[in-house]
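Below: the structure, in structure tokens.
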Amino acid sequence: MAKRDYYEVLGVSRTASADELKKAYRTKAKELHPDRNADNPQAEAQFKEVNEAYDVLRDADKKAAYDRYGHAAFEGGMGGGARAGGGYGQQGDFASAFSDVFEDLFGDFMGGRGGAPRSRAQRGSDLRYNLRVTLDEAYRGVQKTINVPASVACDACKGTGAEGGAEAVTCPTCSGMGKVRAQQGFFTVERTCPTCNGMGQIVKNPCKVCHGAGRVEKERSLSVNIPAGVETGTRIRLAGEGEAGMRGGPSGDLYIFIEVREHALFQRDGVHLFCRVPVSITAAALGGEVEVPTIDGGSSRVKIPAGSQTGKQMRLRGKGMPALRGGGAGDMLIELAVETPVNLTARQKELLREFEKLSEDNNPEGKSFFSKVKGFWDGMTG
């Protein structure tokens, strides 16, 4: 079943502001929340659809990608945009992205459900890095060194957030639950613990370097292997090279998105290459050979049939791009562009006029065209 338009899901126009999007989301989420629609089996699916729509439209980069490509922008790859000013971005988890909206909507009403103490360790966020390579590098494969700014585990406290690497202790306010309960009229509501900010544990003596966070900002230098055959949109995952986890949690992953630059000679279509080659009017008329460059740095001689016209294509098999996952290489298509002479001398012009008189029967396309024109005019006057 095809996905619905995200703007339609939220009931807003494509020009809706961030505040209008948030207001529409709050209304829809409150209306469709499963806890309030126990008798409606469709509510949960609709609620997830609303969350998905808001997740995309609330983020400027994701929204721009969706406005341009629709749902196809997120098929086969992860969403998320780059941070402003660089080729690097961060993806937080779903719960943190929507916690402000849900808390305002429902007041975290979870009373009576019980629960277990929260783990203080949290996985780090995934990162995105946009990397540009040349077509030649994409053909051969290349090793690239990139500098990635990211949060890394604090060396001073070994990522614990505590001075000297000491262990955190259970929060005395929430007893490690990360939530506190309060009675409001007939309802028991749960809210994030103000003492530990929902972590369930506190650090008595915070590390002086990271101030209790367990991680610090640092630029890392990483070596990345770019395989032969990559194209724009290829995604490379480096496990564990994302943001460091919070207080001893595992690191996220780094996703590298490839962009292949345009080439001065070749245009690319998947594994195939296209090259437009100029030939003289003499070579096109009489036939001959032309030397064309190939992406591997060499060249190939190609025979031009007599009477070739602009646009005629010839194929060099196996001279295209290598397939990313093996299976050989594509082809190179050569398109002829017959050049019209310019800056002619008086003698050259004289010879061309003489040639024209002698070649009235040697231009089949021209004769066919003007025959059609005559038939068209005769039909108009008849």
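The backbone N, Cα and C atoms fix where each Cβ goes, glycine too.
Taken straight from Swiss-Prot:
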type	residues	note
BINDING	C154, C157, C207, C210	Zn(2+) 1 binding site
BINDING	C171, C174, C193, C196	Zn(2+) 2 binding site
DOMAIN	5-70	domain 'J'
REPEAT	154-161	repeat 'CXXCXGXG motif'
REPEAT	171-178	repeat 'CXXCXGXG motif'
REPEAT	193-200	repeat 'CXXCXGXG motif'
REPEAT	207-214	repeat 'CXXCXGXG motif'
ZN_FING	141-219	zinc finger
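The record gives C154, C157, C207, C210 for Zn(2+) 1. Within 8 Å of the mean position of their Cβ atoms, the other Cβ atoms in that chain belong to D155, A156, K158, G159, T160, G161, A162, P206, K208, V209, H211, G212, A213, G214, R215, V216. Apart from C171, C174, C193, C196, the residues listed for Zn(2+) 2, the same chain places the Cβ atoms of P172, T173, S175, G176, M177, G178, K179, V180, P194, T195, N197, G198, M199, G200, Q201, I202 within 8 Å of the centroid of those Cβ atoms. In terms of local Cβ density within 10 Å, C157 ranks first among the binding-site residues C157, C207, C210. On a Cα basis, C157 (Zn(2+) 1 binding site) lies 24 Å away from C193 (Zn(2+) 2 binding site). The Cβ of C171 (Zn(2+) 2 binding site) lies under 8 Å from the Cβ of G178, C193, T195, C196, M199, G200, Q201, I202, each of which sits 6+ residues away along the same chain. For the binding-site residues C174, C193, the ranking by surrounding Cβ atoms (within 10 Å, all protein chains) places C174 first.
Cα spacing between C157 (Zn(2+) 1 binding site) and C174 (Zn(2+) 2 binding site): 25 Å, rounded to the nearest whole number. When Cβ atoms from all protein chains are considered, those within 10 Å of C154 (Zn(2+) 1 binding site) total 23, not counting its own. The two recorded residues C210 (Zn(2+) 1 binding site) and C174 (Zn(2+) 2 binding site) have their Cα atoms spaced 24 Å from each other. Counting only the Cα atoms, the space from C154 (Zn(2+) 1 binding site) to C174 (Zn(2+) 2 binding site) is about 27 angstrom. Cβ neighbour count for C196 (Zn(2+) 2 binding site): 24 (other Cβ atoms within 10 Å of its Cβ, all protein chains included).
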